[in-house]
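Notes to accompany the following structure.
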Amino acid sequence: MSQYIGKTISLISVTDNRYVGLLEDIDSEKGTVTLKEVRCFGTEGRKNWGPEEIYPNPTVYNSVKFNGSEVKDLSILDANINDIQPVVPQMMPPASQFPPQQAQSPPQAQAQAHVQTNPQVPKPESNVPAAVAGYGVYTPTSTETATASMNDKSTPQDTNVNSQSRERGKNGENEPKYQRNKNRSSNRPPQSNRNFKVDIPNEDFDFQSNNAKFTKGDSTDVEKEKELESAVHKQDESDEQFYNKKSSFFDTISTSTETNTNMRWQEEKMLNVDTFGQASARPRFHSRGLGRGRGNYRGNRGNRGRGGQRGNYQNRNNYQNDSGAYQNQNDSYSRPANQFSQPPSNVEF
């Protein structure tokens, strides 16, 4: 490939931009192509002259390195590099209709320029450059110039500040107050607290007085140790008084193993009677279903209430003194009134 060094090369990138320059180096291992005296001719109608169309750039770059993945087409031209002109449309629109755009720069062009000669590229005074001889009206875009736009942002943009201030002056009434204050506060330099003062002592530090405080604390520790020793000594003297079994109350109580705690049920019954009364000695039957009996005596309604004992049979023997009649439900008969002035003797209450 050395026979092609110095030949005029026409290279079309994946973004449809055409670059023309002299072949400087080809690295087959890294897959790179290096051109010198490179000019960008733009897309030359490959975008159908629409809004994405990129127009020629008059800037000449000393050296540009292209990666193989960035190259779409490459051809060798026999013509002189100065005789090659970009393809421009016959009817160019006026310069006022083109949007403001940044100059198109080839990939890695700026890096190579800094390494070799660092050429100074003149910046246009207006957003739309004037017509270039042989190139027609040139209006580059900013969609494919990330590197150039970043470098432009690093320089102070006086024109953008003036335009923003004009727009802010027009729309000042509609702009929120907090945004105005935010813009003002962001431009102010940070202020330091000048009223802050540090108290600086005029005298030297007194080490003797501070050491005396520590020695005083040591004396208090000695006194505390003496108090603890005296308290321990008194406790030792009190331990000499042994336990007296004769005068102790708990030694007279017998243990459960010496006497038999199993009492007969008669003794337990008598103990319950003495403690809880006669009601505790009554037998308690809890068998249900064997029988049910009520023996009630009502005299003038209210002398006695319900009182009875549930036994093993069911029988009702009732005596009512209201009407003077004796009724026995088991006999199923009734006697005339006033026949008995007193209840019969055979009635059990």
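For all residues, glycine too, the Cβ spot is worked out from N, Cα and C.
Keep in mind it's a predicted model, so treat the numbers as computed, not measured.
Feature annotation from Swiss-Prot assigns N-acetylserine to Ser2; the stated evidence is a large-scale study or a structure entry. In sequence order, no residues are near Ser2 (N-acetylserine), counting only same-chain partners six or more apart with C-beta under 8 A.
Annotation comment: Swiss-Prot describes Thr139 as phosphothreonine.
Summarising the annotation, Swiss-Prot assigns asymmetric dimethylarginine to Arg288 (among others).
Here Swiss-Prot flags Arg294 (among others) as asymmetric dimethylarginine, drawing on experimental evidence.
According to Swiss-Prot, the feature asymmetric dimethylarginine maps to Arg298 (among others).
Summarising the annotation, Swiss-Prot assigns omega-N-methylarginine to Arg306 (among others).
Positions annotated as asymmetric dimethylarginine by Swiss-Prot: Arg306 (among others).
The omega-N-methylarginine annotation in Swiss-Prot covers Arg310 (among others).
What Swiss-Prot lists as asymmetric dimethylarginine is Arg310 (among others), and the listing cites experimental evidence.
Annotation source Swiss-Prot lists region 'Disordered' at 89-128 (among others).
Annotation source Swiss-Prot lists region 'Disordered' at 144-239 (among others).
For 275-349 (among others), the entry in Swiss-Prot reads region 'Disordered'.
Marked as motif 'FFD box' by Swiss-Prot: 241-257.
Residues annotated as motif 'TFG box' in Swiss-Prot: 260-280.
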DSSP three-state assignment (helix, strand or coil) for Ser2 (N-acetylserine): helix
